Amino acid sequence: MDQGLQVASIDWQSRGNNRQHRTAQIGTQRLIVRRGQAFALRLHFLPRGYLPGADTVHLIAETGPQPERRAGTRAVFLLEQGPPAAGSAWRAGHVSSSGPRSADVAVWAPAGAPLGRYQLLIHIDSGQGRVAAYRLGHFLLLFNAWCPEDDVYLAGEEERREYVLNEQGIIFQGNRDWIRPSPWNYGQFEEDIVDIALKLLDRSLNFQRDPARDSSLRSSAAYVSRVLSAMINSNDDNGVLLGNWSEDYSGGVRPTEWSSSLAILRQWHRSGGQPVRYGQCWVFAAVMCTVMRCLGIPTRVVTNFNSGHDTDGNLVIDVFYDKTGQLLPRESKDSVWNFHVWNECWMARRDLPAGYSGWQVLDATPQERSSGLYCCGPAPVAAIREGDTQHLYDAPFVFSMVNADRVAWLLYGTRKEKIHWDTNSIGMHISTKHIGSEEREDITSAYKHPEGSLEERQAFQKALAQRRQPGSAGSPAGALPAGPDPVARFSAPAGSASQAQLSLRLRLVESPEIGQDLHLMLLAQNLEVARKELKISLSTQLVLHNGTPRPPFWQDTHYLSLGPREEKSVSWIISYGQYGKHLVEDKQVQVIAIAEESTTWQKTLVEKTITMASPALTLSVLAPVVVNQPFPLHVEFVNPLPEPVGGCILTVEGSGLVKDQGRIEFLSPDATTKVSNTCD
């Protein structure tokens, strides 16, 4: 008597499926597929083959600790005849019989299914009470940027290759006048990274509080990205990275020493979820990019120069100086970062009105709380540009980072005097890596209309008005500014300032490299026919990239007489001996000049940020590179300092291919050092 159909084994056909689903770079030993696309299975039966008319077969796909059909985390679907049709539900079709006891099956995972680790089960009814059920095994389901029905669908193949598949990237740093590229190894297709990414979701507070609901909501790219923006930092939930802007990095790694996300994510995983020490904004963004691309969400890293941090919600960044020109430590919690780095992720926003899908800002750096947690986004870039800050999530804060006003105050004890209202300098040269190259792409126009235009000012006023509304999508508004005329915004170019009667410009005579002297020049021009007597206070100090100033290391005072419409210059040199011992790893020097007229007491402020350049490296590969074989590498560089340097570390890294580190114990002044090594 026929005992009924039984499953002997399953062939996941992982190699072919993973290649078709563009996940083979992760590995081919297990099934990793993308939603909205069919995948193939081969079922082997006993004691006979599958008989479509006699056997009723159902497949069950489950994810999460409490799978439920209503929540979308459990699906039961009939094995039909023929390839499964695309649709919004799980489906399976018997495609062919590859042998007398084998059946080829195609499974369709809908584009709206939650991502995660799935268990696949099978239920067989051969009639007359002959029923069998089996657990077939597990597979991973990711987002699919190639599927038009998926929320993360991206139409261009070049864009998909860059923002999903590219494991190497460039992060731009420096300041608005000196932008430099820094390479980063994202490594999202290393085999263990996908497991770490899913573990991050399982360690989130959302999952801990309600695992069933969290698992269901993982169908939404907006939800997943917001959860991860909280989990990349460790402020609330033992996430990946502990931020540190103190310059004391004992007990951890300096943020500038990281060049890959892999070591960070693996250390977090090996330690059982203990935060990795330490990160700053570009490290948070790079790790976020790795995790998002791994899960299939198109992601890029974005740098904003002169980035505002508005803590009281009035779209004004207040900065303070004393009469010597010193930039003072924060009298308010507002600040201007020389640069700040975040992510953009591409997705549909079905929770918002039409027009707000596309690139969304996600910021994993812990700056301000959102809904009780240190996270930020997703905020639609299109909404930021138009000042539509009422839309979720955190659009007011993002708007202030790229388009707040900057007000300079002079402090006299407890009294303060407003000396400059700058409307153009916040949010400059917003940059990302260009598709298919290492060049910089300027995307400032995606965030705001041209500075000084009527459209830009209207967007500012709209955002300001929405901050007054109770229940707006951001932090509570503080005192709102009584600024310049709503249309006529004013500012001066970088390193220059102009009042109605006086123009000041700061110039760097030549681009500085660390170890060289700083040659500076101040150009002062009288714009009136009346004579002017000026007192010029000069101050130079270090400033960290998040805007935190250090005490001045050089100050001076000059007195200048200017005839009608006359221009004069003041030049000075700051030697390496004067600034070198004060340098920190940001290597940012702030030069400030305040001119005060003797008769009117009117003050004009000009400032310039200088980033000291590091010496160039010359790298040569001395033989053809073959995967899994050593190759020789030659690196050459010069010690630019007028003193010996010891303990230099040279790191060469590439995702899955290269990982090598060498130590150079001693470099004499101006010596050319050549390092030849073999990398595995």
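Glycine is treated like the rest: Cβ placed from N, Cα and C.
All TrEMBL annotations are machine predictions without curation.
Contacts of CYS281 (active site) defined by a Cβ separation under 8 A and a same-chain sequence distance of 6+ are given as TRP337, PHE339, HIS340, VAL341, TRP342, THR365, ASN546, in order along the sequence. According to TrEMBL, the active site annotation covers CYS281 (among others).
What TrEMBL lists as active site is HIS340 (among others). Around HIS340 (active site), a 10 Å sphere centred on its CB holds 28 further CB atoms from the protein chains shown.
Summarising the annotation, TrEMBL assigns active site to ASP363 (among others).
A sphere of 10 angstroms centred on the C-beta of ASN403 (Ca(2+) binding site) encloses 24 other C-beta atoms. The Ca(2+) binding site feature in TrEMBL is assigned to ASN403, ASP405, GLU451, GLU456.
As annotated by TrEMBL, compositional bias 'Low complexity' applies to 470-482.
Residues or ranges marked as domain 'Transglutaminase-like' by TrEMBL: 273-366.
Under the heading region 'Disordered', TrEMBL lists 457-492.
Cβ-based crowding with a 10 Å cutoff singles out ASP363 as the top-ranked of the recorded positions ASP363, ASP405, GLU451, GLU456. ASP363 (active site) is 23 Å away from GLU456 (Ca(2+) binding site) when you measure Cα to Cα. For the pair ASP363 (active site) and GLU451 (Ca(2+) binding site), the Cα-Cα distance reads 24 Å.
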